[in-house]
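Asks: The structure is given below, and queries will be raised subsequently.
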4 protein chains.
Amino acid sequence: MSGNTFGKLFTVTTAGESHGPALVAIVDGCPPGLPLSAEDLQDDLDRRKPGTSRHTTQRKEPDQVEILSGVFEGQTTGCPIGLLIRNTDQKSKDYSAIKDIFRPAHADYSYHHKYGQRDYRGGGRSSARETAMRVAAGAIAKKYLATQGIMVRGYMSQLGPIEIDFKSWDAVHDNAFFSPDPGKVAELEAYMDQLRRDQDSVGAKITVVAQGVMPGLGEPVFDRLDADLAHALMSINAVKGVEVGAGFACVAQRGTEHRDELTPEGFLSNHAGGVLGGISSGQPIVAHLALKPTSSITTPGRSIDTAGQPVEMITKGRHDPCVGIRATPIAEAMMAIVLMDHLLRHRGQNAEVQVSTPVLPQL
Amino acid sequence: MSGNTFGKLFTVTTAGESHGPALVAIVDGCPPGLPLSAEDLQDDLDRRKPGTSRHTTQRKEPDQVEILSGVFEGQTTGCPIGLLIRNTDQKSKDYSAIKDIFRPAHADYSYHHKYGQRDYRGGGRSSARETAMRVAAGAIAKKYLATQGIMVRGYMSQLGPIEIDFKSWDAVHDNAFFSPDPGKVAELEAYMDQLRRDQDSVGAKITVVAQGVMPGLGEPVFDRLDADLAHALMSINAVKGVEVGAGFACVAQRGTEHRDELTPEGFLSNHAGGVLGGISSGQPIVAHLALKPTSSITTPGRSIDTAGQPVEMITKGRHDPCVGIRATPIAEAMMAIVLMDHLLRHRGQNAEVQVSTPVLPQL
Amino acid sequence: MSGNTFGKLFTVTTAGESHGPALVAIVDGCPPGLPLSAEDLQDDLDRRKPGTSRHTTQRKEPDQVEILSGVFEGQTTGCPIGLLIRNTDQKSKDYSAIKDIFRPAHADYSYHHKYGQRDYRGGGRSSARETAMRVAAGAIAKKYLATQGIMVRGYMSQLGPIEIDFKSWDAVHDNAFFSPDPGKVAELEAYMDQLRRDQDSVGAKITVVAQGVMPGLGEPVFDRLDADLAHALMSINAVKGVEVGAGFACVAQRGTEHRDELTPEGFLSNHAGGVLGGISSGQPIVAHLALKPTSSITTPGRSIDTAGQPVEMITKGRHDPCVGIRATPIAEAMMAIVLMDHLLRHRGQNAEVQVSTPVLPQL
Amino acid sequence: MSGNTFGKLFTVTTAGESHGPALVAIVDGCPPGLPLSAEDLQDDLDRRKPGTSRHTTQRKEPDQVEILSGVFEGQTTGCPIGLLIRNTDQKSKDYSAIKDIFRPAHADYSYHHKYGQRDYRGGGRSSARETAMRVAAGAIAKKYLATQGIMVRGYMSQLGPIEIDFKSWDAVHDNAFFSPDPGKVAELEAYMDQLRRDQDSVGAKITVVAQGVMPGLGEPVFDRLDADLAHALMSINAVKGVEVGAGFACVAQRGTEHRDELTPEGFLSNHAGGVLGGISSGQPIVAHLALKPTSSITTPGRSIDTAGQPVEMITKGRHDPCVGIRATPIAEAMMAIVLMDHLLRHRGQNAEVQVSTPVLPQL
């Protein structure tokens, strides 16, 4: 399949550019009978939405989604669900200056060489604006997963140099940073305010967790659950690294430390991040992702134009100084889509499997 | 597609268990006219082969591959290439004791819950033995990529706590660890010898690099080149993390530091790892992967059996104390397969694109 | 992939019900640089449109398509093309009577058993209304294929008992039946008028031809060009049979008769329909499809309701007495999509192949 | 995916040429717990095997299959099943004369233009020899389907000009032609004997029927059950046409005749061939396929060589005078593979659907 479809049984296909008329998605494979309305998708869309605090881009997009198909009398029908979000706040004139210039660390250079041309308005297809549709599609997956007892949630675990410990899920919703530690919020705000004064941007680390996942999801050897998760999370704009469980920390771990021992009462640890041999173990699925600093900054940088001539580059316009701040709902959405797809695939092949061995909790 | 096929235009499908009769693969989509013989695959298979030093498992497998189809008069025909490796050193009796026990950090528990049963001999399908076929398939990709000026190579960049700096490619082939720094080998050997005395295992970090990749490979938004790389690398046994370019280091980077500036002479840095917006930029593709410590160790650990009863577990048999040591050829193979697939996909859609802008070197 | 996506490199994903808010499609993989506007799609949409003669349904749909993405400054960008057609003439009240009844030869019964529920308004997703998006997507393929010298055209070759000989392509556009024989039109009109008086419907046979197809398209053994064509054409509503070249006539043919001999001047016949071994031969690709009579007729029939009780069924509403009449543009669209996909796939794998043997014409 | 993989959840990937070392297949997605041994596959392989009567090619191949993986202690494990059949009776010297000549109606010309070269020995990959692996894979599907109450069977319904009425399933196994009418066998034998004397070949029509298929299989709009069936059956060598149910006869049918009325006791007819709106209805699935006359005949024909020069062509060697005679097990296999794939896909999405409406029998 071409590159704008994700998933095998539960598939999400998206289209749409930053400054085109609209974003559109088709979500195929959702089981029938799920109560669904546009409002169900709006909540996550609003969490991702720009302009909700001074720490994100000031572009104003209501991101109002319309369900075009696949829902009848308030329930999914099993037929593909069409989704539409009109772009409303496109200021195309802002972007004409960069038409023939490759912004450093942007996709301009690579799109130009791949396609021979590009929609330069706001990054076109390479803009993070497309992630709105991931969030909408992910909200469908989340809602279905909830009926199976699965909950997918995320938070910011690091902003630039500031590490953020997990304190509580409730805290996540009470601040603009998706910080799980309310005590860190003031520090984060101060850091971001200084960053804007510095005319610079910074990276971030996001953690996503799925609880209630039954053992058995994942299709070795190539479509391991963690491999598909890595695919999904690395496909988000600006992501440069993905970890499952202990992640890169496992390099320095010893086997006696890393292995999660089992007792009749449950697993004693979760270095595996909920995945053993590429298949969910029933423990929480835990993944981390690293997002690079926003490439669009107003501090001048060296670049070239399409003729190969040197230029000094300043990215104007309205940009997030830390793309990671709005990334939590996107990461949740991608994890939900992966779990949904694997749940359906697993059912397809193993519907008749019966196991008497009890499922262990995470201690 | 089911989970044992990777790729879309250049596809690799594998089957085979650790202690079954054979491993088998079908490589589909290789362009015709490529000179190919079993010897071409044997070199990389030998690099991955167990038992070549005291630091890896002592299982003896010649890993001799037979080409069953797709090659005629010494050249590929464009038809699918069948590959066969017979297992020769299966000691099935070694494994019967673990039939009803879930080894901690192994796939036993998750396979049991997924399929209701499992081939418990040496881990069955979940054994790293299957990676032999990845290496064989990857060698085909490597050989074709070489005709396009692309070279894929890897090395060990960290073993447990020991970080290994890159010194030279030549050094990589002169030691059992794939260490690019000959000066570190003695330290690595001493560490491994102590590890075996400790009856323990340790993790490792591998770095893979592709040079000569033309700009344009990658299919946003979901099949970005880095996303497919993450998928491919995370699908390797024991991998818990994948980074592209700066990876997790980008979390604490500022935009002014991370962005790779462009000059008419070339890119000034490569924090991006050769991928911009999910598409190759012409810079070297750089990825890192974290491998967990081997789960099979002789230090006793707590576990349960299929009836949920507690057991004390010791993994006997012949195991790698650090699975990362043999992982370099596997990681190279998976990167080569991804690049090959994306090269063909890119050609398919963009065969007619002509770009006059020069391709920049990495400075 | 789920069932609403067709193709591998050039993919078409559709959604939308007969009486929902809109039809939507995402066309992925179109090469960049193709001039494209909504007008380019409108022509074929108008050919398929209902209500253009008294011989088709009187539902009035302008079928006006909007391009939502993937086109910039009048050209395709290589990014996915989103398409939207609003439904305007949905008379939902017409359909409430059939909510709990299975109309004979409709998809009501099978959808009910598959999904447990269904959008009963006008057949919902099973309505031929979805084919509007096939036509729009196919028009993009057609336009690109034209740049490669490939032309896809179709005509009606039989209506009920009336066989229609091919006279000229020009004639096809001059009548409501897509008849290539202007001399037959009066007979067809009389037949249809009588059919309506009989309160009955009838089947039809459509022929589609692609000229200018280069040799080499098709991916044996499963994705033969003719196999994918059969898939594509059989996926059109009401189609019950597909033939390539001689089709079922080859059952009674002898080898000496069927084989298309080659001379330096060209092929002497085309019983193969342009496909040898699943790969295009450079001869015209010729396919025929059989469409069943419309199931929606006003002559009463026996059926049951969802409780299993017998009912007498009359299908009211606005229906085509012969769905085949509007099927020609749909069949063309599907053939164009298949050829487009295979052209890109072929290029991907075999871009470097050079053959000195001349391509033979069809004599 | 590339062209040698069929299916989405239950996938079959094959490789191997007529005169290479072996045929190989990987069957992925088979549910675990199915009792399976090589003997289970051998029965159908023997039905397809050449040389069992004077009416088929005299090539002697035992077609002995080895299971390489995916089966443990006599049961499938859910892991991919590797299959191997060694070629034993390759007389490569027979074929060297045709190295530079395009045999009429063969794949020589199209393979040459696609790949620039070809394995000319016995047709290489384009030989019907590859269908042995379809039969082996199909036997796995058949065995699983039988556990679900589904039985797939086929017969020859026409040989050249001789139509064969269905009399009984028992009769099919008692003659070399898979004729369901024992009274026709003598006529068929006489016809074939004359055909050989005429140095000619002839076409055939095969009918395949699946009984016991539950309603609900099929994924509209593109992966309708009948569309995937058409794909699968048209992908068999020599097939030029596929019909479902009434097939091309529906062109001349009226709606009142074609529609299968429903009563509380069951469906009154089966013109639909068991598929409504692309989804199985619970009625028997009925498909017909047309196979062209064998292209390899000893009556001289005109052709050209790779330099474009005219040649007179005689195909020597050992060939089936009617490829349709051995096609019944192949057609059964492909139908079984399609049903298996759709059964798993349907389960994946609709596992929770409950329908109280009774399933109707075929009256």
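Backbone N, Cα and C define each Cβ position, glycine as well.
The NADP(+) binding site annotation in TrEMBL covers C:R48, C:R54. The FMN binding site annotation in TrEMBL covers C:R125, C:S126, C:S127, C:N237, C:A238, C:G277, C:K292, C:P293, C:T294, C:S295, C:S296, C:R318. Under the heading region 'Disordered', TrEMBL lists C:36-61.
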Asks: I'd like to know which binding-site residues lie near chain D: of C:R48, C:R125, C:S127, C:K292, which have a CB under 8 A from one of its CB atoms?
Replies: C:R125, C:K292
Asks: Between the binding-site residues C:R48, C:K292, where is the Cβ count within 10 Å the lowest?
Replies: C:R48
Asks: Which chain-mates of C:R54 (NADP(+) binding site) that are at least 6 residues away have a CB under 8 A from its CB, listed by sequence?
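Replies: Sequence-distant Cβ neighbours: none.
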Asks: May I ask you to report the DSSP-based helix, strand or coil state of C:R48 (NADP(+) binding site)?
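Replies: Going by the DSSP assignment, C:R48 (NADP(+) binding site) falls within a helical segment, counted as helix.
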Asks: Please give the FMN site's span as the largest CA-CA distance among C:R125, C:S126, C:S127, C:N237, C:A238, C:G277, C:K292, C:P293, C:T294, C:S295, C:S296, C:R318, to the nearest whole angstrom.
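Replies: Among the residues the record ties to FMN, max Cα distance equals 44 Å.
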Asks: Using a 10 Å radius around its CB, how many other CB atoms surround C:T294 (FMN binding site)?
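Replies: The answer is 27 other Cβ atoms.
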Asks: Tell me, how many other CB atoms lie within 10 A of the CB of C:A238 (FMN binding site), whichever protein chain they belong to?
Replies: 23
Asks: At the level of the C-alpha atoms, what whole-angstrom distance separates C:R48 (NADP(+) binding site) and C:R125 (FMN binding site)?
Replies: 18
Asks: Return one of helix, strand or coil for C:S296 (FMN binding site), based on DSSP.
Replies: coil
Asks: Got a sec? Which of these binding-site residues, C:S127, C:S296, has the most Cβ atoms within 10 Å?
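Replies: That would be C:S296, with the most Cβ atoms nearby.
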Asks: Which binding-site residues among C:R48, C:R125, C:T294, C:S296 have a Cβ sitting under 8 Å from any chain A Cβ?
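Replies: Qualifying residues, whose Cβ lies under 8 Å from chain A: C:R125.
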Asks: What is the Cβ neighbour count of C:R125 (FMN binding site) at a 10 Å cut-off, with all protein chains included?
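Replies: I get 28 for this one.
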Asks: Using DSSP and three states only, what is C:R125 (FMN binding site)?
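Replies: For C:R125 (FMN binding site) - judged by DSSP and reduced to three states - the answer is helix.
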Asks: In DSSP terms, helix, strand or coil for C:A238 (FMN binding site)?
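Replies: It is coil.
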